[in-house]
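Taken from TrEMBL, the feature active site, proton acceptor applies to Glu117. The Zn(2+) binding site feature in TrEMBL is assigned to His116, His120, Glu139. The compositional bias 'Low complexity' annotation in TrEMBL covers 716-726, 735-750, 797-811. According to TrEMBL, the feature compositional bias 'Basic residues' maps to 766-780. Residues or ranges marked as compositional bias 'Basic and acidic residues' in TrEMBL: 781-796. As annotated by TrEMBL, domain 'Peptidase M1 membrane alanine aminopeptidase' applies to 45-260. Annotation comment: TrEMBL describes 326-633 as domain 'ERAP1-like C-terminal'. TrEMBL lists 716-750, 766-811 with the feature region 'Disordered'. Taken from TrEMBL, the feature site 'Transition state stabilizer' covers Tyr201.
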Amino acid sequence: MATYLLAWMIGDLEYIEAYTPGDFSGEPVCCRLYAPIGLATHGQYSLDLAVKSVEYFSRLFDIPYPLPKLDLVAVPDFSPGAMENWGLITFRTHAVLLDEHSTNDRQREIAATVIHEISHQWFGNLVTMDWWSDLWLFEGFATHLAYIVVDELFPAWDVWSEFVTRVQHVLKQDALRTSHPVEVGVANPGEITQIFDEVSYMKGAAVLRMLSGWLGEEQLLKGIRKFMMRYMWGNANTDDLWMTLAEECQADVPEFMRRWTRQTGIDESTIMVRQSLFLSTGDIREDEDDFIWPVPLALATAEDPTPKNIMMTTKELILKVDTTRWYKFNMGQSGFYRVSYPPRALDLLGQTLKNGEETETLKTADRVGLLTDAAALVAAGVSPTSSFLTLLKYFEDEENNLVWTEISLRLQELVAVWLEQPAPVVNAIKEVQRRLFKNIVKRLGWTYPEGEDPAIGNLRALAIRFAGRAADPEDTSAIPPDLLFPVFEIVLKTTTGLEEYEAILAFYRETYSPGEKVVALTVLGYGNSPEMIQRTLAFAMSEEVRNADILSALATLRSSVMGRAELWNFMRQHWDVLYERHFDDLRFVEYFILFSIGMFSSVEKYQEVQDFFANKDTSQCDRILANCLEGIRTRILWLERDREDVEVWLKTNGYLVTTAHDEVGVGESGGGGSGMKAIAAEEDGQYSHYPFSRRTSSLHVRHDLQLSLALLGRSRSGSSVDDGLSPATNDTHHSVPSATSSCSSSPPAVYLEHPEHQHLNHLYHTHEHQHHHHHHHQHHEHGQEHRHQQQHHEQIQHSSYQQQEQHSRSQVYLDESTARLIDERFQLSQQQEQQQKDGAIMPETTTAAPGMAMNDLMAVSVAANVATAAAAAAVTGVVPPRAVTLEGEMEMLRLGGEGDY
């Protein structure tokens, strides 16, 4: 038994217990769930899962559970999500406790976490890794096995489609030069904690799923049983497993798998099919592209939609395919690679989806894969960003929650990269998002019918959040758990009033639900005034917030320009103290770095980060730092490459219009005008622009937020808010991204060609020239107007925030009380270390579009039909919604819940 698996637990705890039926082993196993006094009953769901899982794994491995008992313990302040100590599994409280008001997503996450840890009782504890370089084997297998069991217990959940969405995060990480192989050497203890990342967990699981697709799941499980019997009560390494599988399955498993586990990166396949390394920066050197992966292509066509398993073992492969009809590689998305389609092929796939054809063939996983591959190739410069925006139009009638989740994440990433560009452009991108999601809100409404499919409820909450709209301002029922986060987020993003902030802070202090505390703390990071941001930073670091929960607030602070700046300043001012205080919790240090610098997209910030860490001891966090720097570089290149491409697309499609004179918008970036306006409100097919004169009082927002929180009430003993009503219970589905998942974009790739697209063979070599030619053509076509805009963009890019702010102030009408409320600090240049204070343009009041009834903007936050002035403003576009949450935020606590130190 490995010493790291030994644990004791002492505390004031209570427990509930149950026994396995003992059908397999003949001896029932006592399973208990321990929790702080008063919370044990909230562990009934997890206890039931434990009983079922112990019995299931006993049968799966053909080995009875080896201990006489199994305890699950909820620990209030526990940094890892969970830890598989043998017979005494410890969990962060929210990762194991559930109540009747928790969200559907929380149930799924707890199931995955509990089953993941119980699988370790065999695969990890009974058979333990030889050395830390084999960590991936046990974490990857535990993740893969957890999905098998969850799918068996809850077939309606469609967990394998969700698996595909999670793989997208590691595909992005693995597209970095700073990524590492699945099998990674560990030379000293300082490197151990740094390999507990998405590569070890999700890439490990993804390549095992690919192996399962090649061998067949039953053959794979037979080999695992043989492996377990051979090495039980001892140690084993990756090669031991490959050799055992080769014996059992009569296949050359070592040759197939070693290339996937010992080579960094992902394959990219482009009928000629060509494979090459795929990097998020797109600048692959010749010496980096000498790998050849064995790629299972899994090709389906319109003529034969049954996937054909074609193993590609050469750099290039010629296939006969009818290119006048749709075809798709990597059917089922079980392969760990990207696919780059020629424009015509991508358009055919999009039209097929738009027309409702082949919905049974192109399943959820395939639609997710199509989107994420296109987005990754855009970020790497293989395709223009406009091609992805066009692809989104084909998904307007999509009904699956997982597909819409991916759409929201890709648009969030786009907003995050463009966040500091001129406000009209940023707001126009957000308008693309709003129009996509508003139709879902109209279709689904706000009510949650009894017996409704949980997936529909998840889609409703997602759509409300990203459309930012409220339907019925008169409904006063309690807010459903799935809507708690969207409502709070909309309110704080669209008002500068402190009363709303105080109300949510009070909610955090009053609720006893761990999940609701995480919701409230996370939402505080969306505060959109300097005072709110400073208060959130101070509160997150106070004794009121457990160390394990600090990151929840920091993650959302980075979703605004102000938040990014203040978080980066805070990190530089307090780095030495924070590093010393949290040295033993390197997970915290890694995420703090990620949240502080992980979304920068300018050369200036890149240099600031390099300069700051140049003389710091980063030996314990050098991997995450390198990943973040490469991510910044990726975004810099993306922005430089596609800035004009995006603006042209937005204009062409009616989201951005050019005016005869510059007009400055008030957007998240605080950027100046560029002769453009963002389309904001849609009424009867007509679109109006952002006005800056008519306003309604923000007191409506403040008053009705208080009403909102009062309406959260469901009777609960021992907990109340100011009006005497108890707040609703909720567990959110936020999870913490891997320490590198948000740092950039992409993964390997398969390029698809047919005769009329042979030029793609030279794609990487000619892209820069083509891009330059594209710019020249656009300037020639549009004349002086585009030259003026290009010059203006450059001016904006190199001007300080203060200059942009002053330019904006002259165009916006603010009352004195609002102006006095704003006091914001920004670093004026990379040479100046001291910060200066200046008034930020953060209007306290909302504006009303011409012709709109005043009632349309009055805020009332409600339950089934939540409406706030903020939400209404977000719908009309009158007040530009603040930056949406960043890529990976929806995974914010999930990895923490399933990963284990």
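Note: Cβ is positioned from N, Cα and C throughout, glycine not excepted.
On a Cα basis, Glu139 (Zn(2+) binding site) lies 5 Å away from Tyr201 (site 'Transition state stabilizer').
Glu117 (active site, proton acceptor) falls within a helical segment according to DSSP. Around the Cβ of the residue listed as 'active site, proton acceptor', the number of neighbouring Cβ atoms within 10 Å comes to 28. Secondary structure from DSSP puts Glu139 (Zn(2+) binding site) in a helix.
Recorded residues the residue listed as 'active site, proton acceptor' and Glu139 (Zn(2+) binding site) have their alpha carbons 10 Å apart, per Cα-Cα distance. For Glu139 (Zn(2+) binding site), the count of additional Cβ atoms within 10 Å of its Cβ stands at 28 [all protein chains shown]. The average pLDDT the prediction assigns to the domain 'ERAP1-like C-terminal' (326-633) is 85.
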